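The structure's right below; bear with me while I get my questions together.
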């Protein structure tokens, strides 16, 4: 499964950047963890107290990290215990989308919008349909990758989506490509390349070279496709939806997930894999109940992670949400070593360190961007933020 499903970003989700409006800090506002103005958020949340604000932040961080890590590990557990349906593995990544409505119970919808009051329904449906179908194909590639690769290798390759995200955002969303971003792309590429030549010593000896290469290529392709999806979503918000509200983000997640779920169901039945599900459940090593709980737990975990990332965007900022979501990358390989006996040899450790270095370079660029915006806002109000 994907490192981050649905709308879950890597280190920078261009789609969600529209929901953070930089500006000067005002006394009495809730704290800012990213150097960005949170006045819009406090208004939307009814000006919560600092304690409530921190409670929401901590709760959403918990949702995101636990959901993302649990979903990936359960996906691998499904295969290890005898599961073999790639379409079922794809289906559970989005079928839990109705749980996203729970986000509305503790994060109210924003009542303001900076876009047009209405969007042509046909254009909106077309956006949801196209993106949903691409997401279904992307999830299928992730499912194959998780089948053919150890969890540790799979998770590290998923980090390459940051590099792809930079490239697509540059061409589709007119985002700048600085020296630090270029450094990040090169480092993440090197990290993925190291893993690509490491199949003989990373615990995948039970798989043929052909399947390892297939898993590597599909996971890399899925990471690139996911980055493309994020940029296309940003483009859709800019050109079609033209609204910058929490409800618009949530609607995009729900309806694209609905389309992806329908496509996965069609694939499950068209491929004939549905005929083997009964036997798959009966042959599941840990039992029928465990089989059902694994699938349900995977579906719920991905949606819990989705609620966490949307919540962080709404309460804090997209940048902070992106940082937290990427923290799971080094966490998953550790659990993979503990639960699935994946081997962490020298090459994989070096690849992980290079990936972390690339991630740090990527995030430092965004820190500089945020600091510049804050300083510019401070100059307009006679305040110096240089030392912040």
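Including glycine, each Cβ sits where the backbone N, Cα and C put it.
All annotation found in TrEMBL is predicted automatically rather than curated by experts.
Pulled the feature table from TrEMBL, pasting it below:
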type: REGION; residues: 25-45; note: region 'Disordered'
type: TRANSMEM; residues: 52-75; note: transmembrane segment
type: TRANSMEM; residues: 87-108; note: transmembrane segment
type: TRANSMEM; residues: 120-140; note: transmembrane segment
type: TRANSMEM; residues: 147-171; note: transmembrane segment
type: TRANSMEM; residues: 177-199; note: transmembrane segment
type: TRANSMEM; residues: 211-232; note: transmembrane segment
type: TRANSMEM; residues: 252-270; note: transmembrane segment
type: TRANSMEM; residues: 291-314; note: transmembrane segment
type: TRANSMEM; residues: 320-340; note: transmembrane segment
type: TRANSMEM; residues: 347-364; note: transmembrane segment
For the transmembrane segment (147-171), name the stretch out of 52-75, 120-140, 252-270, 291-314, 347-364 with the most CB-CB pairs under 8 Å.
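The listed stretch sharing the most Cβ pairs with the transmembrane segment (147-171) is 347-364.
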For the transmembrane segment (177-199), name the stretch out of 120-140, 252-270, 347-364 with the most CB-CB pairs under 8 Å.
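The listed stretch sharing the most Cβ pairs with the transmembrane segment (177-199) is 347-364.
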Is the transmembrane segment (120-140) in contact with the transmembrane segment (252-270), using three or more Cβ pairs under 8 angstroms as the rule and ignoring pairs under 6 apart in sequence?
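Contact criterion met.
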Between the stretches 120-140, 291-314, 347-364, which wins on the count of C-beta pairs under 8 angstroms to the transmembrane segment (52-75)?
291-314
What residues in the same chain, six or more past the boundaries of the transmembrane segment (120-140), come closer than 8 Å to it by Cβ-Cβ distance?
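Distant contacts of the transmembrane segment (120-140): 1-2, 5-6, 86-87, 90, 93-94, 222, 225-226, 228-229, 232-233, 236, 240-241, 252, 255-264, 267.
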